[in-house]
Every structure is written in structure tokens, then in C-alpha cells.
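The structure appears right after this line, and notes come after that.
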Amino acid sequence: WEFNGSFHQPSAFLMMGIPGLEALHPWLSIPFCALYLTALLGNCVILVIIRRTQSLHEPMYYFLSMLAVTDLGLALCTLPTTLGLFWFNVRRIGFDACLTQMYFIHILSFIESSVLLAMAFDRFIAISHPLRHPSILTKSTVLKIGLAIVLRGMVSLLPIPFLLKRLTYCGRTELSHSFCFHPDIMNLACADIKVNVFYGMIILLSTVGMDFVFIVLSYILIIRTVVSLTTKEECLKALNTCVSHICAVLVFFIPMIGLSMIHRFGKNVPPLVNTLVAYTYLIIPPALNPVIYSIKSTHIREALLRALRRKR
């Protein structure tokens, strides 16, 4: 413990693995390695295919590239501490290193939420106004949207590390996960955390919460447009272009909402449930998104098969 002025600040935190299964950590690292390997290779393949295939240089696939980069970042943020704990039982993480990891985890989560909203907007324009789609979502517009997404995440979360550094910590240093999460660190403080709770809730609702609401509204408008189409084949064709995005939205938002509810209201929830939801939220989407788009997107699948044939 370090004494700094009028408050105590720990030099490090202790990370936790899966409660009750500590003896099985080396074996549990196998599925985690498989998920991380899938996330890293899958998203890199998506990026390479989009970059090398001229026909995929469209707004939909530009946004998919942003999603792949964000998923790579999320996987790389949690991989060192998670596998370090499972393989070598390295539980200690420095205070500043923990705040840095937490900041980037939350930024990338907010960016992923915003990218999913941008992809919903792209699908709405493509289905409702197909002739105006190229003129509305030009390359420069997509670039501006991407920059706005990154800046929103960085600026909105910038006060969080400073709000945590001002708190007094007095005894407990055990985190609930093998990575650093804002509510987890905040709850270790023995000072008044009302400002942290209020700011965290406001930021969560005004960013991720609003993104989810607008995604739902986008699909309500998309369904209204699809219903007005004349033939059943046109309806199915239009909806089929949204299946991958809907799966990505569900895979990301369901665990995130569950984890937020557990941290806010689930005081009596078993630690194992909290841990599993957290891992589902941060590891499953980066691993599943490239698989979903490789299976459901005809253009991605065909470009991947062409690349494999060229190598053979």
C-alpha cells in the first residue's frame, strides 16, 4: 500500500480466475486459447479479404472492417492477463496498468456498440433508399463516422481513470475477473463512490443505451419497408442481408446488458455467474463475429474461397 497525501492507493490489484475452479485453470485455458485464436485469426482474415477484394470496397464492408479492428483490440486487451492467470497463475496487476486496461476495454466496447449502430443505419439506407445509398454513404462520410465513433468513446470515458484515482482504497484488492472493469475497481473503494456510479450510469445510458435504442428503431423502419415489398422473395432477400448484423447485435448486447445488471443490482448473484457473463461479453463476440459474417455473408464467403483456391 502506498500513502499519497490524504488517501491510500494500492500499488496493485489481484485478479481472479473462475471461482471454485482454480485447480482446473490449466485445462480451462484450452477453450480460452481456442476462442482467442479464432478471434485473432478470424478478424485478421476478414480485414485481409476486404482490403484485397475490390468488390467489397463498400460502406457495409468498411463498417465490418471497423468491427473487426475493434474485436481485435478487445481480444488483445484481455488476452495477456487472462492467459497469464490461467497458465502461470499471475494474479498481480499494477494499479496504473489496471486503469489503462480498463480504459481501453471500455473504449473498445463503446466503439463496438457505435459501429453496430452505424451498420444498422447502413442496412436501413440500403433497403429503404437503395438508389441513394452510394451518394449518402460515401467513403468520406464513412471515414467521418468512424472518427466520430472513436472520439466519442475516448472523450466520454476520459474522466473514468481520474475518478478512480481520487478514491481511497483501504484493504480489499481482489478483482472479480482476470481483467480490470470499472464497476469492479470502484467497488473496492471505501470512499463515497456516488460520483463514479452516477457518471458511469449516465455515460452508459447516453452511449451504449442510446445505440441500442437506435438500432431497434432502425430495424422497426427496416421491417416496415420490407413489409411493403411486393413479393415474398424480395422480402426474404432484403432480410437476409441483415441476418449477420442481427446476430452480431445479439451476441454483443445480451451479455453486456446482463453484466451491467449484475454489477448494478446483482449483489446476491453467485460469483461464478458474474465471471461467466463477463467472459462471454468480452471474449465470445470477437470470436463469433468473423465466423458469423464468413458463414452468412455470401460475398465474404466467396472471396475467402477464391483466396483459398489461389493458395492451393
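Placement of Cβ uses the backbone N, Cα and C atoms for every residue, glycine included.
Over in TrEMBL, the protein carries these features:
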TRANSMEM  27-50  transmembrane segment
DOMAIN    42-293  domain 'G-protein coupled receptors family 1 profile'
TRANSMEM  62-88  transmembrane segment
TRANSMEM  100-121  transmembrane segment
TRANSMEM  142-164  transmembrane segment
TRANSMEM  197-222  transmembrane segment
TRANSMEM  243-264  transmembrane segment
TRANSMEM  276-295  transmembrane segment
Among 27-50, 142-164, 243-264, stretch most in contact with the transmembrane segment (197-222) (C-beta, under 8 angstroms): 142-164
Remote residues contacting the transmembrane segment (276-295) - C-beta distance under 8 A, at least 6 residues beyond either end: 18, 32, 35-36, 38-39, 42-43, 45-46, 64, 67-68, 71-72, 74-75, 78, 82, 105, 109, 112, 176-177, 179, 181, 244, 247-248, 251-252, 255-256, 258-259, 262, 301, 304
Recorded stretch that, among 62-88, 100-121, 142-164, has the most CB pairs under 8 Å to the transmembrane segment (243-264): 100-121
Same-chain residue ranges lying at least 6 outside the transmembrane segment (142-164) that approach it to Cβ under 8 Å: 59, 62-63, 66, 99-100, 102-103, 106-108, 110-111, 114-115, 118, 182, 185-186, 189, 195-196, 199-200, 203, 206-207
Segment-level pLDDT (mean, integer) for the domain 'G-protein coupled receptors family 1 profile' (42-293): 91
